[in-house]
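Engineer: Marked as compositional bias 'Basic and acidic residues' by Swiss-Prot: 720-731. The disulfide bond annotation in Swiss-Prot covers CYS46-CYS95, CYS137-CYS188, CYS276-CYS354, CYS399-CYS447, CYS490-CYS542. Annotation source Swiss-Prot lists domain 'Ig-like C2-type 1' at 25-114, citing sequence analysis. If you look up Swiss-Prot, you'll see 692-1028 marked as domain 'Protein kinase', on the strength of sequence analysis. Swiss-Prot lists 603-1033 with the feature topological domain 'Cytoplasmic'.
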Amino acid sequence: MTARMISICGLVMALMMASVLASSSRFQRVPQSQSVVENESVKFECESTDSYSELHYDWLHNGHRIAYDKRVHQIGSNLHIEAVRRTEDVGNYVCIATNLASGAREASPPAKLSVIYLESASVQLLGSNRNELLLKCHVEGASGDLEPLEIEWYRNSEKLSTWKNVQLDQHRLIIRQPGSEDDGLYRCTASNAAGRVMSKQGYVYQSSVKCLPRLPRRKNEKMMESWDKQTFLCRGKRGGAAGLEALPAAPEDLRIVQGPIGQSIIKEGEPTALTCLYELPDELKNQRIQLRWRKDGKLLRQVELGGSAPIPGHSFDSGKDALLREDARLVLHKQNGTLSFASIIASDAGQYQCQLQLEAHAPINSSPGILEVIEQLKFVPQPTSKNLELDAVVAKVHCKAQGTPTPQVQWVRDGENTTLPDHVEVDANGTLIFRNVNSEHRGNYTCLATNSQGQINATVAINVVVTPKFSVPPVGPIETSEQGTVVMHCQAIGDPKPTIQWDKDLKYLSENNTDRERFRFLENGTLEIRNVQVEDEGSYGCTIGNSAGLKREDVQLVVKTTGDGFAPEESGGDGFLVTRAVLITMTVALAYIVLVVGLMLWCRYRRQARKARLNDLSTKEAGGDQPDVAGNGKGSEQEPCLSKQHNGHSKSRSKSSGDAQKSDDTACSQQSRASKKSAHIYEQLALPRSGLSELIQIGRGEFGDVFVGKLKATLVTSPSDKDADTEKQHSNSENGSGGSGSGSTTLSTLNEKRRSKTSMDDIEEIKEEEQDQHNQSGLEQLVLVKALNKVKDEQACQEFRRQLDLLRAISHKGVVRLFGLCREKDPHYMVLEYTDWGDLKQFLLATAGKVNTATAGSSSPPPLTTSQVLAVAYQIARGMDAIYRARFTHRDLATRNCVISSEFIVKVSYPALCKDKYSREYHKHRNTLLPIRWLAPECIQEDEYTTKSDIFAYGVVVWELFNQATKLPHEELTNEQVVQRSQAGSLEWSVAEATPDSLREILLSCWVSNPKERPSFSQLGAALSKAMQSAEK
């Protein structure tokens, strides 16, 4: 009995323990099935409800215990898998919870892991005959448990959809009754959460040719080894065979270790980098080897790896399309071959591949990588409200959205997802179409654009209106007697109800500006005038309008006085009066036309005669040696901005010539004499266009393209010679052409030359000019060429002349020289001095390591020291002081508009590349591109440019120098915010951290709001000179 009781008690205790274990082993969180993109990480969560016992967790994969490593590890009770691999990690995962006290174990339900990947796509031909063409898009990839693969078909880059004889059936493309309009290259794209790929090869269909290239239909049959080269061979009637000339393979030890892998998905605006690790053997380092990056088969960036210096302008594949455009966002690192993007934009999406090219050998290609850009969801453009004309047959409201993936566009009315009204539909492009517009179509319509990023909306108001029309228009002319009464009718219909406004001689009439006792405005729009006066005579206009538009009708009121004998019975003579008035008017008009034509012919004859006399006189004075520069040229007849050229040089006239010209001067205005003077100045600057060579476009400015090229050294005149020639001509004009004045001319030339120097350093100025003369003994001079393309834009022409006069009037080593002006034909070229190191901003970025400028056998330049920065700022101050002393203003002073040479000589220049290269540094304000972050407040508010505003910009330039030009001034603010704060006087400036203490106060004074309190360039130069001396100590 006792034993039986003991067994019963043991059974009860076991049941109780089992119940406790069952309750304690229930899971609070169980692992969930997941689908993840390959190479991404995943986490399985597992947690038991038993918080009183010590538990141990294990994980099983497909029934086997997991061996943990760095990639697959357990944190607490959760399982973490880094860089998921589809070949190893796919399957079921089970969490095992073990009670260490009792040894009881509990298993969670299995969780399935599916891997999403996308490798490649190819087009396969399933069948082709006259009645049907059947293609299949074969994809190597999987979408897991998410949405299936999305397949898109393209013909010659045009996206196809089910239409007419084209049918899309899952992965297949069916074209029934194919014809010549279906000819082209067919390719397909596949996309899922892992990205998007396009078939590397396509299928070419051509209905009119019997020999068609065919894709292989067996998987083991090889395509071309190079994915970016496709050659289809077709033997013609003559039996000729096409082929490619093979190049020898590169050495095996020259190879690419790692290229861009798989597919990268980057959000718009984020930075990224593409890897290209390579091995370069020592025996090949002295040979020509190029590292290239290609995008969609086109050359994007390249760099020389070998020791041999590259030939300028030469490339191994110069005949191929290239995308070698200057873009500060893209940097190719020579050391490791990485292609880095500072910020991604939508156009960067594509297929990238790096390549090693040994001269005269076949290229070595890496595996291609796909860069997909997630474009921000936005409307392009924003939908706007619209007025629709009642009973219009068709009216459209557009709604276009962009984003990644492609957004779906739909319309709803009044914020509710209800059915649109009758005769309103939405086409495939998201356009809202109204047919047979009626009043029921009024309301608020919302456009919804949706993709995986979310949803955006824009609401527009649709109003149905009726264009105003005259139901009773004013009819005239109206004649009335003085002190009579006249009624001018004007009634209108429309929806909304039109308003009616009267005016007299284009001046609005209302009860406030008229005599209320005589003028009466009726509710229906009629104007009644009582007790008509003589001054009431004139042209009266009635304007009707509503939100749909405006219309106007005029009526003439004629007031007859009592003395004119106006009476109703005399109206029969009105016909004769009208006829006489018409005859008189026509006679006067004909006489005026004859007079104008006669004056035009006379002026043209006088101008040609005067031009002939000037040409003859110039030829005689030059001894017959001067060629006809532009007198007979076609280009000079069509110069819209600059004064026309004249033959030879303007010199002194003899007394008889002056008497012959005296009569012409009486017919010429002061403006024509000024035009002759400017023409003489431009003629001195004339350069033949044939002297320019190797022009390379580096950007676009406000009035045209900007180039860098070379100028024959024989055409470069030293500044001293130019000044002496000019001074000699002025002396001859004043003192006559006799030889006795040569001594005084030379003396005055030297004195004028010394006076033209700035007061900072005359001795260094003379040395600089002597060095320039010595340098001109070479064959060619590096120059900057600015083209005047906008010849019909008066503002652009005026700015072109201003820059020309500015650089012509200054001879200083701190300002670039003006070599000349090419005016033989359009466009005109302004030829300026340029340096071997280019613009200062790019130099600063290179020394800061932001731009890769390393060439073969060299390294990146080191950052500038404080002494070097002060030397650069001092030279710019000297150049700006020279501009100030010549009574000019620069208006666009910045590091981008200065140049630096390999001798560390800095000069103030004027490239002004505001349209592409430095477009971020300009903002369109009042219909003009302005460097608002460098402008003083008075320039933005009142368009007032002075030397003090140049000093304001100079302070910003020094700020750029100490920051190595790595960031924009106030880059945390938008352009609109900078303009608003500058106009409000709330834009705060502070000097750079590396600025010496001795310069902080004077630099801060450059930015004070009162221009009179800003320092001068001479004061800034003196402060910089002291700072340089202190830095040297």
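The backbone N, Cα and C atoms fix where each Cβ goes, glycine too.
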Engineer: Compute the C-alpha separation of CYS188 (disulfide bond) from CYS542 (disulfide bond), stating it in Å without decimals.
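Structural biologist: It is 63 Å, counting Cα to Cα.
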Engineer: Would you count the other C-beta atoms found within 10 angstroms of the C-beta of CYS542 (disulfide bond) for me?
Structural biologist: 24
Engineer: Just jot down the residues in the same chain as CYS447 (disulfide bond), at least 6 apart in sequence, with C-beta under 8 A of its C-beta; none if empty.
Structural biologist: PHE379, PRO383, CYS399, ALA401, VAL409, GLN410, TRP411, GLY430, LEU432, ASN457, ALA458, THR459, VAL460
Engineer: Do any residues at least six apart in sequence from CYS490 (disulfide bond), in the same chain, have a Cβ closer than 8 Å to its Cβ, and if so which, in order?
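Structural biologist: CYS490 (disulfide bond) has long-range Cβ partners PHE470, VAL472, PRO473, PRO474, ILE500, TRP502, GLY525, THR526, LEU527, CYS542, ILE544, GLU553.
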Engineer: Looking only at the domain 'Ig-like C2-type 1' (25-114), how are its residues distributed among DSSP helix, strand and coil?
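Structural biologist: Grouping H, G, I as helix and E, B as strand yields 0 helix, 45 strand, 45 coil.
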Engineer: Using a 10 Å cut-off on Cβ-Cβ distances across all protein chains shown, tell me which of the disulfide-bonded residues (CYS95, CYS137) has the largest neighbour count.
Structural biologist: CYS95
Engineer: Measure from the Cα of CYS137 (disulfide bond) to the Cα of every one of the disulfide-bonded residues CYS46, CYS95, CYS276, then give the nearest.
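Structural biologist: Checking each of CYS46, CYS95, CYS276 against CYS137 (disulfide bond), the shortest Cα distance is to CYS276.
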Engineer: Could you measure between CYS276 (disulfide bond) and CYS95 (disulfide bond) for me? Cα positions, answer in whole angstrom.
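Structural biologist: Taking the Cα atoms only, CYS276 (disulfide bond) lies 41 Å from CYS95 (disulfide bond).
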Engineer: Near CYS399 (disulfide bond), how many other Cβ atoms are within 10 Å of its Cβ?
Structural biologist: 25
